[in-house]
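Asker: The structure follows.
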Amino acid sequence: MQVTAMDIYRLLPQTNCEDCEEAACGEASCMAFATKLSEKEAQLELCTELSPEGLNKLESLLAPAVREITIGTGDKTITIGGDEVLYRYELTYYNPTSLVIDIADNLDDDEFTERVKTIEETEFERIGEMLTLDAVALRNASGNSDKFAEAASKLKKAKLPLVLCSFDPEAMKAALEKVGDERPLIYGVTEGNLEEMSALALEYSCPVTIFSPNDLEKMKQISRTLRERGIEDIVLDPGTYVEDGIGDSLDNFVMIRRLAVEEQDEDFRFPILGIPALTWLYEKDEIQGGIREATIAATLMNKYADMLIFHGTNIWELIPVLTLRQGIYTDPRKPQAVDAGLYEFGEVDKDSPVLMTTNFALTFYTVEGDIKGKTNAYLLVLDTEGRAVDVSLAGGQLNAEAVADLIKETGIEEKVDTRKLIIPGLAAPVSGEIEDESGWEVLVGPRDSSAVPGFIDELKEKA
Ligand code: SF4
């Protein structure tokens with residue numbers, strides 16, 4: 001159940017800090033602060049007027065339905081979990097799904113180094129954001145404790161946090177002796193190794209994963225036991241079934257998240273982990289395996305996976321997953337916008353053409369991708385509160401007066417001799433009004449920005 005601003009307000013002092021010169025929380029009223037807290041845009045500690053009892057009550061009220069777990073230390077840290085709702089439109093999702101790439105401890109030195117380098121260097125830019133991988137999962141493929149520990153030592157130099165994967169407590173202990181101070185995620189605890197693994201988690205203060213394939217009753221028992229022993233940082237793996245479709249996995253993921261959010265079941269209020277990498281147990285063909293692994297990852301990410309362990313590192317396999325993650329974890333309450341103003345592309349001069357678009361991030365970066373390196377031009381970016389051309393036209397943010405103001409405010413008239421403005425094809429209905437308001441001649445450009453360089457070439461030929 002989502003906590004409302006009113007639920008929070010009832011526990012705040014409700015004085016609005018009327019006797020203070022300035023409210024410590026920085027808000028005009030307790031209600032305004034409550035609203036910010038409900039949207040996770042403020043820290044509870046900012047209110048200095050709370051009694052210890054009030055603070056305790058609010059801390060427990062504000063604890064997310066899914067516990068936030070931190071893996072790693074310092075610069076090598078990721079946080080997973082923290083979600084409050086089942087459906088993103090109810091609020092937003094927090095902490096994007098961590099994409100973790102596996103590495104076997106029995107690779108030779110060169111292969112090992114090369115794979116770590118690939119994991120660290122994989123990146124892909126989209127809508128102005130650099131999309132990267134998040135962690136390395138070391139598998140005890142050798143079955144040998146010493147090899148596992150040796151490989152863990154090598155990963156000390158890696159730039160990403162670690163997941164240590166072994167069901168053998170002896171191997172886990174050997175690896176933790178090398179990298180336990182880096183707070184790796186221990187994978188995994190089962191009914192069979194519960195005693196030893198929970199002791200290691202406590203000794204090294206590391207988060208642990210419960211592996212309980214297709215058995216949520218057993219998962220609940222293990223979770224309860226771990227919590228009773230004082231282990232609170234838990235990740236849940238109900239099994240990733242890849243051989244005959246992933247229906248069972250999906251059912252378990254959804255059940256766990258419903259238990260956490262709707263029932264507030266303390267044993268299930270933890271992040272969920274899936275392992276699309278298991279695809280490769282059944283699929284040997286690189287193309288088919290890559291497609292299948294990416295599809296499974298996308299399916300599980302859509303249904304609450306907070307961490308996914310991957311094997312494939314082909315960029316064509318990772319791009320759809322990284323892109324999907326970016327979409328799912330974009331805050332639906334905030335339009336994605338770039339700064340309005342004047343942008344320059346290539347070597348511009350007094351004769352360069354002047355284009356216009358809106359500050360919706362997807363529009364801006366699409367236009368940027370279509371003109372950068374292909375033509376020299378100025379680009380005026382209008383503040384439409386992050387709305388696309390057709391939407392802002394309908395909503396009134398894209399209007400003649402705003403465009404005329406933009407021309408004046410950016411000083412473009414001092415930079416060019418031309419008085420011709422190329423507007424997006426979709427903005428054609430206001431072309432005449434922009435001309436009247438700005439005094440510039442308006443040319444209606446293409447509806448699709450990929451045609452802009454060709455459009456500019458044609459203008460030059462005609463000139
Ligand atoms: S600091 Fe606390 S009491 Fe003062 S206005 Fe903010 S929330 Fe209210």
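Every residue gets a Cβ built from N, Cα and C, even glycine.
So TrEMBL lists the following for this protein:
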- 1-64: domain '4Fe-4S' (DOMAIN)
- Cys17, Cys20, Cys25, Cys30, Cys47: [4Fe-4S] cluster binding site (BINDING)
- Thr357, Thr363, Gly386, Arg387, Ala388, Val389, Ser449: 5-methoxybenzimidazolylcob(I)amide binding site (BINDING)
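Tell me about the surroundings of these features in the structure.
Answerer: Under a cutoff of 8 A between CB atoms, and with a sequence separation of 6+ in the same chain, Cys20 ([4Fe-4S] cluster binding site) has no neighbours. DSSP classifies Cys20 ([4Fe-4S] cluster binding site) as coil under the three-state reduction.
Other Cβ atoms within 10 Å of the Cβ of Ala388 (5-methoxybenzimidazolylcob(I)amide binding site), summed over all protein chains shown, number 22. In the three-state DSSP scheme, Ala388 (5-methoxybenzimidazolylcob(I)amide binding site) falls into the coil class.
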Asker: For Thr357 (5-methoxybenzimidazolylcob(I)amide binding site), which DSSP three-state class applies?
Answerer: strand
Asker: Quick test of your reading of the structure: among the binding-site residues Cys17, Cys30, Cys47, Arg387, Ala388, Val389, whose CB sits under 6 A from ligand 1?
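Answerer: Close enough to ligand 1 are Cys17, Cys30, Cys47.
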Asker: Would you count the other CB atoms within 10 A of the CB of Thr363 (5-methoxybenzimidazolylcob(I)amide binding site), including those on all shown protein chains?
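Answerer: Cβ-Cβ neighbours of Thr363 (5-methoxybenzimidazolylcob(I)amide binding site) within 10 Å number 27.
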Asker: Between Ala388 (5-methoxybenzimidazolylcob(I)amide binding site) and Cys47 ([4Fe-4S] cluster binding site), what C-alpha distance do you get in Å?
Answerer: 38
Asker: Cβ-Cβ under 8 Å from Gly386 (5-methoxybenzimidazolylcob(I)amide binding site), same chain, 6 or more residues apart: which ones?
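Answerer: Listed in sequence order, they are Lys334, Pro335, Gln336, Ala337, Asn359, Phe360, Ala361.
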Asker: Which residue counts does DSSP give the domain '4Fe-4S' (1-64) for helix, strand and coil?
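Answerer: For the domain '4Fe-4S' (1-64), the helix, strand and coil counts are 28 helix, 0 strand, 36 coil.
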Asker: Would you work out the biggest C-alpha to C-alpha distance among Thr357, Thr363, Gly386, Arg387, Ala388, Val389, Ser449, the residues that bind 5-methoxybenzimidazolylcob(I)amide according to the record, and give it in angstrom as a whole number?
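Answerer: Pairwise Cα check on Thr357, Thr363, Gly386, Arg387, Ala388, Val389, Ser449 gives a maximum of 18 Å.
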Asker: I need the nearest neighbour of Cys47 ([4Fe-4S] cluster binding site) among the binding-site residues Thr357, Thr363, Arg387, Ser449, using C-alpha distances.
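Answerer: Closest by Cα distance to Cys47 ([4Fe-4S] cluster binding site) among the binding-site residues Thr357, Thr363, Arg387, Ser449: Arg387.
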